[in-house]
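J.: The structure that follows is given in the form of structure tokens.
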Amino acid sequence: MFNFVKIETHKFLNYYIIMVSYKELGLVNTREMFAKAIKGGYAIPAFNFNNMEQMQAIVQACVETSSPVIMQVSSGARKYANPTILRYMAQGAVEYAKELGKNIPIVLHLDHGDTFELCKDCVDMGFSSVMIDGSHLPYDENVALTKKVVEYAHKHDVTVEGELGVLAGVEDEVSAEHHTYTRPEDVEDFVKKTGVDSLAISIGTSHGANKFKPEQCTRNADGVLVPPELRFDILEEIEKRIPGFPIVLHGSSSVPQEYVHIINTHGGALKDAIGIPEEQLRRAAKSAVCKINIDSDSRLAMTAAVRLVLTDKPAEFDPRKYLGPAREEMKKLYMHKCEKVLGSAGKA
Ligand SMILES: O=C(CO)COP(=O)(O)O
Ligand SMILES: O=C[C@H](O)COP(=O)(O)O
Ligand SMILES: [Zn+2]
Ligand SMILES: [Zn+2]
């Protein structure tokens, strides 16, 4: 019934873990989801989670809006929450969605996998999708590593996301104004040689809450900072070279200024927090972009809600009294993304 994987960690002692297929957990891979999203002109939300409140908020929001969803975990999340606990949380998410009355398609995805071993571990533990991010490597090494992951993952019907081009910002230790945009002339070769199911590209987004410096922005009539536009010309060129191929956008938080304001007026100190305007994400979602990654906005929603409660009710010390409102705020944010930005609402 069970498949055991032997992990040799010691000369004399062998450890075994139970291999699970994501299908046994009620999860789905991204194949059908992406095909429908490209045809329908919308994008699937890929929300990161690290804890129970985020998981619950994602499921509640996607059930209520009837949206398919990709729940993703980074290696940092695996370290923070423990890999086994996260896997059971994803399984719990599937059961929770049913309990809430809707069997929405849920993908459990590894975000920014950096080694073959990590990706293999996730496939063996029941992930239905993995990202191998070789974007920082020389091109040929990125191809070789990605191909190796694809070969293993596809044996288990797990889909794979690769990446070409370097996102500026925290991830790659390059400063916010330096991007290495994806070279459209590489994408066809990369997709053909590796067999990946989707491709993350770099067209001006970046990770975190400081995506642009104020000097890179202009001001609109209301005095609000407007960042430079994403490189839609590169996206269009990529679409021409690999028509209908699923494209992924990382670093797509919008950094809602309401949250930044609440945080900064309740003891916080966020400086120059600027994100991707929603209008540009709406435009991207209509194209071959079929997965949009959002993590920072959820962190901002949670932090704003917690700061509000702790400032306004300094005698409060029951975590449920601040994590509960934080969960409610994240749910509102996720619903907004599905309904008003990505267009995934009603597509489950
Ligand atoms: O790309 C992301 C996760 O892989 C998240 O991006 P943000 O930091 O813009 O939310
Ligand atoms: O891509 C980065 C994601 O936002 C995950 O971030 P993390 O590595 O801090 O968990
Ligand atoms: Zn990357
Ligand atoms: Zn990312």
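For all residues, glycine too, the Cβ spot is worked out from N, Cα and C.
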J.: Starting from the Zn(2+) 1 binding annotation in TrEMBL that includes H207, H250, which of H109, H112 is the extra site residue?
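T.: Among H109, H112, only H112 appears alongside H207, H250 as Zn(2+) 1-binding in TrEMBL.
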J.: Among the binding-site residues D133, E163, H207, H250, name every one whose Cβ is found under 6 angstroms from ligand 1, counting any of its atoms.
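T.: Near ligand 1, sequence order: H207, H250.
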J.: Running a distance check here. Ligand 3 versus the binding-site residues E163, H207, H250: which have CB less than 6 Å from one of its atoms?
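T.: With ligand 3 as the reference and 6 Å as the Cβ limit, the list reads E163.
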J.: Among the binding-site residues D133, E163, H207, whose Cα is within 10 A of the Cα of D111 (active site, proton donor)?
T.: D133
J.: Within the set D133, E163, H207, which binding-site residues show a CB-to-ligand 2 distance under 6 A?
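T.: H207, in sequence order.
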J.: How many Å separate the Cα atoms of H250 (Zn(2+) 1 binding site) and D133 (Zn(2+) 2 binding site)?
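T.: Between the Cα atoms of H250 (Zn(2+) 1 binding site) and D133 (Zn(2+) 2 binding site), the distance comes to 11 Å.
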